[in-house]
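Read the structure below first, then the notes.
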Amino acid sequence: MEHTYQYAWVIPLLPLPVIMSMGFGLFFIPTATRNLRRIWAFPSVLFLSIAMVFSIQLSIQQINGSSIYQYLWSWTVNNDFSLEFGYLIDPLTSIMLILITTVGILVLIYSDGYMSHDEGYLRFFVYISFFTTSMLGLVTSSNLIQIYFFWELVGMCSYLLIGFWFTRPIAASACQKAFVTNRVGDFGLLLGILGFFWITGSLEFRDLFKIANNWIPNNGINSLLTTLCAFLLFLGAVAKSAQFPLHVWLPDAMEGPTPISALIHAATMVAAGIFLLARLFPLFISLPLIMTLISLVGTITLFLGATLAIAQRDIKRSLAYSTMSQLGYMMLALGIGSYQAALFHLITHAYSKALLFLGSGSIIHSMEPLVGYSPEKSQNMVLMGGLRKYIPITRTTFLWGTLSLCGIPPLACFWSKDEILSNSWLYSPFFGIIASFTAGLTAFYMFRIYLLTFDGYLRVHFQNYSTTKEGYLYSISLWGKKIPKRVNRDFILSTTKNGVAFFSQKRPKMKGNTRNRIGYFSTSFGAKNTFAYPHEMGNTMLFPLLILLLFTLFIGFIGISFDNGAMDNGIAELTLLSKWLTPSINLTQESSNSSINSYEFLTNAISSVSLAIFGLFIAYILYGSPYSFFQNLDLINSFYKESPKKYFFFLDQVKKKIYSWSYNRGYMDIFYTRVFTLGIRRLTELTEFFDKGIIDGITNGVGLVSFCIGEEIKYVGGGRISSYLFFFLCYVSVFLFFFIS
């Protein structure tokens, strides 16, 4: 055991030899390195696999072991201050190491196929390997200054990968937006680190936690200053994990390659903020005000992310808002003291979201031969549909990932989300109501993504779609065609200016009167001569999907735990995660509310699953196949015919406002642009005017006046008698004028 711990410092450094080798190869033998570029994927996967084996061994030893601090070397600034660099191995570190390495390996394998035709193949592998190294260094750090160093490296790598296709202006703008937004949080994190060093005199976690466990108002520590420093640390996590109000960078980060989106959302950048709060949990739990703030921010974020996801057309952007919402659940769990539930959801969500993002990459790859290599088209769900018969393996894996995120048992996210919902109800009904409602909303927008992508018929060959208008009906009408206010409901068909039928002229007949029917959300297409259809990707891209599917199916079972009451009911007690997920420094004990008996578990599970099924049901009604079972029963049409027109008009207006608000990202970007961007520009213009007009004006004016006076004096003293006589008479005249007056 000690032998393994002795070499644990090697884990973050294992990907570095591959990075250095690729760099030397590009520098000394660039032609050969580029021609043989795909061979570099093997050593990248190999070295990260070695790191994974080390991580698994450490995790097994940590189940019944204790935390290990190991210092490698010390940088002494003076006799009173020194920085000690080392590593900390505890259950939290072990879990994060496994998470990063497993997801990282699968993303690397997937990237070999996804990026095979890209000119930046080698550059991508250098960036992603360094990204993994930075995150591994972050989770093994033993003090705050070491965390900050790797924290900045993670931010730098995300900047490089989000703007990987930097020749595209949108990608360049997106990476700048992510970088600037995270600067706010990183600055707060740095101030918080310096503040706690000033308060406690140490940057080591164990010293901070010992002091935090003992501080009370009588021990001389300023509680207001301590709370402020803790808030600044929390601000860093807010920015990195895309929490409200610093969440605006996350959807734009989808401009990077899809594999890096999977890695960012599953195991690296956005997980760093949750990891920081989990690492400092014994510190935060001693500050009730900060814990309340964490839970409030998490609650706002989980609801906001879900509402913003319901109207997006871009498949990756929809998944990005889903990540934002799920991170809000983790933040809420940490805020209410449910440490185990938060990290459990971090694990289950990581594998499910990696599966969904890699599946979306397969979808995008299959659409590119049809619509071109523009993300505005290849990622647009408006142009998809009916892909289940073209990419069946991707469809199956994507469906299981969707159901997992919806909270359907026995998939991974069901167990963790149900635990968070139960604890939130026990902590506060307010948090419980919002978290439960958002759980149903999650099922709605996730199943919407699935239906728009795989259900119905392929819509890419439709000629009259729009990609410019931003009406709310994008999320209702799959075609992106903004419907005018007055719609003739006697007809299902709609025509364009060119006279081309918007729907197929050969539509199946429906029983009953078609008059006063509402427009359906997808349709059946007639045969159309086409030469290209989506197709399944190669085995290199499918293999990671299948492995992640296994994780999604079975990883949730490690977190099933019941108390002794459950044992009496004959239910086996599985406490692997309970032994594993404990605070890194065991100074606090988790609330007993986190352990529930079988009756409470079944009650909470039934309610959460009912909400999820209701969300799936609503999504299927709105976005399912056009002639589904419910529509053939005239369920929607009978509701419309029996409802008052005023009520239906009001409902339509409310729906329009909601979808418009959601599609425009809650107008947060517009608000930030007008308040901060334009406000700063106006402030700079005012500063420029003050600097050049007033400050420079006074300085230049004094110089100009001095110059003019000097010129006049020079002119007077030029040696001309006429000038002397003229000024003599002028002075005499002025003197006489004042003397006489």
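Note: Cβ is positioned from N, Cα and C throughout, glycine not excepted.
Annotated transmembrane segment per Swiss-Prot: 9-29, 89-109, 125-145, 147-167, 185-205, 219-239, 258-278, 327-347, 425-445, 542-562, 605-625, 721-741 (among others), in sequence order, evidence recorded as sequence analysis.
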Contact set, same chain, for the transmembrane segment (185-205): CB under 8 Å, 6 or more residues outside the stretch | 83-84, 88, 142-145, 148, 151-152, 155, 211, 221-222, 225-226, 228-240, 246, 279-280, 584-585
Distant-in-sequence neighbours of the transmembrane segment (89-109), which means Cβ under 8 A and at least six residues beyond its ends = 5, 8, 11, 41, 44-45, 48-49, 51-52, 54-56, 58-59, 62-63, 67-68, 70, 125, 128-129, 132, 135-136, 139-140, 259-260, 262-263, 266-268, 271, 275, 278-279, 343, 346-347, 350-351, 354, 358, 540, 543-544, 547-548, 551, 580-585
Range from 125-145, 147-167, 219-239, 258-278, 721-741 with most C-beta pairs under 8 A to the transmembrane segment (9-29) | 125-145
For the transmembrane segment (125-145) and the transmembrane segment (258-278), decide whether they are in contact, meaning at least 3 CB pairs lie under 8 A, counting pairs 6 or more apart in sequence.
-> yes
The transmembrane segment (258-278) and the transmembrane segment (219-239) contact flag, 3+ Cβ pairs under 8 angstroms = yes
